[in-house]
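Single-structure report; data block below.
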Amino acid sequence: MTTRLLPAQVQEPVTFRDVAVSFSQDEWLHLDPAQRTLYREVMLENYSNLVSLGILFSKPKVIAQLEQAEDFPMVESGMFQGVYLGWKSLFEPIVSKEENKKVLKNQRVDKFFNFILGKTCVNEEQLEEQPGNKKNPFSEMLLSVRRGCRQERGFPGVGLVRNPGIKLPFRRKPGVAAGGGKPHLQQYSVLFKQLGFNRARQLCKCNICGKVFFHSSSLSKHQRTHTGEKLYKCQGCRKAFSQRSSLAQHLRVHTGEKPYLCSDCGKAFSFTTSLIGHQRMHTGERPYECKECGKTFKGSSSLHNHQRIHTGEKPYKCNECGRAFSQCSSLIQHHRIHTGEKPYECSQCGKAFTSISRLSRHHRVHTGEKPFHCNVCGKVFSYHSALTIHQRTHTGEKPYACKECGKAFSQSSALTQHQRIHTGEKPYKCAECGKAFSWLSRLNIHHRIHTGEKPYHCKECGKAFSSHSAVNTHRKIHTGEKPYKCSDCEKAFNQSSALIQHQRIHTGEKPFNCKVCGKAFRQSSSLMTHMRIHTGERPYRCEACGKAFSQSSSLANHQKTHY
């Protein structure tokens, strides 16, 4: 059964954390098979006790496994806490039910089960004082074992509670005294005798953090956590580890070995920690809670990563550009921007991506899947981000504001493009003529000047244009539509740019200045024509006589002399 080491005079409850035995993984590997069966025996003994009381419950899956196997599923972790946490999580829900509490109370063993679940402290006086307790097999067992343990020498002032058929699985944690007293490193359970630990042996203490070990070899291994020394290297990827057992686990990454199987769905894992985390998907258990926002997680690593949202910590820094990230996986994905690596390839079209999430999103192009629905208009989208942006057309939300002029946008990309008006940045350059543009769409339209491509046709007259906006402007000639009206003189225009130029007549504004002579103009085209006076450029040539002119209007006037 379960044990408790506690000075006899102390009556306060002590939790399992105070009395747990823990071994390093390497220490666990030194135990013989008979000693390892301690896990199995503790679990099965407590199960049998509940069954003997007549409490009805279906046999847990783990019990059926333990009845058939000698090894407890968590032996690789090397932690005896696994025994307790295993059977506590198994039995506590059973004995905590109201109907079962009554059975336990009627059988006068409620105190016993409260004790083994770490809820109360049990001593001989408490057991003796209850009428009829001596006839109870559980209480009688506790009393006889306590008396028997007193006869064992070398453990003065220490009370033990033990099932005679079970070796003692728990002891008081080294260096922790009950009741807040000084550390008592000499208080050991009989378990340590059985495992070959001598009470008089000198313990090995780390002079950096104070942690205590039974073997000098274990202390040496532990100290590598302080020095950063990593003696064990993987021949496959050269990754190094401080312990041989850690290297052995890592090698499964290369071999593909997955010895830990989920009994619910059959999925296999390389590490016990991965299996335990996975099993929480089936149970729904999320034991790790964020103290800031209350959000819960299946694994401690997920909680740790989440907490960086609150702290703002970004420990993973890119050596190329200095950008920092809160998660290692984000840094790895970011690195691919610099290396150009795209390891995730679409089996349908061969297109490659930097992350598996982007490949998953891309797959929807082929499947046509659009799982994100707008609850206002019913429109569907392939991506959640696209739905979010779309919903702003209904709400009118424009969360991205320009700090220069205050103009707001519904998309961050639109704000980024807009800011180039203020910065003058033109990152998109034409490979043909070197002309630069602020927006990629403008560069694509410009390319059509070189290719001659005019994909947009007027349905009225068939005239072709290089851009969609150009054909829309042209159509207003056929419709007579002039939606842009001057507020000063009521003159109307079919283009907004024509109205802006016209309004400069009223305002007198001449924003285009000649850098040579300082002369100002209302239109950029007028400035370009004027600049030819200084450069001597004459691009308009008469085909009849070869004479050249700086303006097309001058050429037109000259050509009249030939007719």
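Including glycine, each Cβ sits where the backbone N, Cα and C put it.
Per Swiss-Prot, domain 'KRAB' is recorded for 14-85, and the stated evidence type is sequence analysis.
Swiss-Prot lists 204-226 (among others) with the feature zinc finger.
Annotated zinc finger per Swiss-Prot: 232-254 (among others), in sequence order, evidence recorded as sequence analysis.
For 260-282 (among others), the entry in Swiss-Prot reads zinc finger.
Summarising model confidence by region, the zinc finger (288-310) averages a pLDDT of 86. According to Swiss-Prot, the zinc finger annotation covers 288-310 (among others).
Positions annotated as zinc finger by Swiss-Prot: 316-338 (among others). Long-range contacts of the zinc finger (316-338) within its own chain (CB-CB distance under 8 A, at least 6 residues past either end) are made by residues 305, 308-309, 354-355.
Summarising the annotation, Swiss-Prot assigns zinc finger to 344-366 (among others) and lists sequence analysis as the type of evidence. Remote same-chain partners of the zinc finger (344-366), defined as residues 6 or more beyond its termini with a Cβ less than 8 Å from a stretch Cβ, comprise 333, 336-337, 382-383.
Residues or ranges marked as zinc finger by Swiss-Prot on the basis of sequence analysis: 372-394 (among others).
Annotated zinc finger per Swiss-Prot: 400-422 (among others), in sequence order, evidence recorded as sequence analysis. When DSSP labels each residue, the zinc finger (400-422) comes out as 11 helix, 4 strand, 8 coil, counted as helix, strand and coil in that order.
Swiss-Prot lists 456-478 (among others) with the feature zinc finger, giving sequence analysis as the kind of evidence. Counting residue by residue with DSSP, the zinc finger (456-478) contains 11 helix, 4 strand, 8 coil.
What Swiss-Prot lists as zinc finger is 484-506 (among others), and the listing cites sequence analysis. Sequence-remote contacts of a segment are chain residues at least 6 beyond its ends whose Cβ falls under 8 Å from one of its Cβ atoms, and for the zinc finger (484-506) they are 473, 476-477, 522-523.
The feature zinc finger is assigned by Swiss-Prot to 512-534 (among others).
The feature zinc finger is assigned by Swiss-Prot to 540-562 (among others), with sequence analysis given as support. Residue counts for the zinc finger (540-562) by DSSP state, with H, G and I taken as helix and E and B as strand, are 11 helix, 4 strand, 8 coil.
If you count C-beta pairs under 8 angstroms between the zinc finger (372-394) and each of 288-310, 400-422, 456-478, 512-534, the highest count goes to 400-422.
With a cut-off of 8 Å between Cβ atoms, the residues of this chain six or more beyond the zinc finger (400-422) that come close are 389, 392-393, 438-439. Across the zinc finger (484-506), DSSP classifies residues as 11 helix, 4 strand, 8 coil.
With DSSP classes pooled into helix, strand and coil, the tally for the zinc finger (316-338) is 11 helix, 4 strand, 8 coil.
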